[in-house]
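*Asks:* Structure provided below as structure tokens; questions to follow.
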Amino acid sequence: GNKKNESSESIDKQPFDKSRPGSGRRPDNLGEIGRRKPGALALPMRSGFPSLQSRIEPETEEKLRTIMKRSGILGIDGKEFQTDIKDLEDMGELGNGTSGQVVKMRHVESDTVIAVKQMRRTGNEEENKRIIMDLDVVLKSHDCPFIVRCLGCFITQTDVWICMELMATCFDKLQKKSNLPVPEEILGKVTVATVKALAYLKDKHGVIHRDVKPSNILIDEKGVIKLCDFGISGRLVDSKAKTRSAGCAAYMAPERIDPKKPEYDIRADVWSLGITLVELATGSFPYKGCKTDFEVLTKVLESDPPSLPTDQGFSVQFQDFVNKCLTKNSHRRPKYPELLKQPFLKYYEDQYVDVPSWFSSVMEKAGLKSHRR
């Protein structure tokens, strides 16, 4: 089916996006890309400190140890609340993903509605790593206004709950439900927020996102746009990503698909941003004629990169920005400092755009209720 996960914050972590054409059989020539590793059993509690499973990596263990100290403390509106899971009131499910569900909950004491990602800890090694990576990145990124805010977490013997600020919806859902392209001026603001979030991750934390796509870009009624979902983010070593991680085939840069290129850098995310912008601006996915992931990947590697149509009123600056993002040769593709200097981005950095009015009109047309209501 073509049903996308109904979550304000996408937690769809399938190696390949099920809403894309075909997406059935995994291409044989992809080596380890997107292949799930067999799971490991979770270990029982050890001296009060839960180890997620037997083969957990020391770095992951260390991250978990730090996070554990903050378990049960929620930071809401500048105040800290020592919270018990029972202090949260269930207001219904927001959506589902492979590693858990997202539930809308009310923190009774502060009367604040939040989004809670609920994940079982019996998951396999890869899933546990994703949970911790996501938590680690959002907790560290509390000072970036373009990254979804984590309010705190609960870690019990069986579950991990990540409490996030509640955003209204994601761009994937907004576009699919409204069936309308997103106007260039709105995409200007999407570009500013996304590039700044990605540059922050790289500069401050040495992290590459690896899963940039419309379902991981969130928006709220105030028109605030933020990046989310860091489950398959990776650490950069000498500015390069050394690991082949899963991701969505549809948005994958050519150098991440090519088995002859063992390393890639943040410019792979720049490509994914380019695909995202073309999809949102035109209202249709650039590789939508493809029936399988294999066809998509072959096309990404072998054909000319997508671009914005020249006859739909897009500014020259926007077309130029997208073309730079979708430069096939990754060595010629710009990195964030250069992108931040592009006329398209500079213009929308300072330009006032009434995003809230656009957002409410689209929600109305689509007959959508915001998650915050």
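From the backbone N, Cα and C atoms, a Cβ is placed for every residue, glycine too.
What TrEMBL lists as region 'Disordered' is 1-46. For 1-35, the entry in TrEMBL reads compositional bias 'Basic and acidic residues'. Annotation comment: TrEMBL describes 88-345 as domain 'Protein kinase'. Positions annotated as ATP binding site by TrEMBL: Lys117.
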*Asks:* If you count Cβ atoms within 10 Å of the Cβ of the residue listed as 'ATP binding site', leaving out that atom itself, what do you get?
*Replies:* 28
*Asks:* Reduced to three states, what secondary structure does DSSP give Lys117 (ATP binding site)?
*Replies:* strand
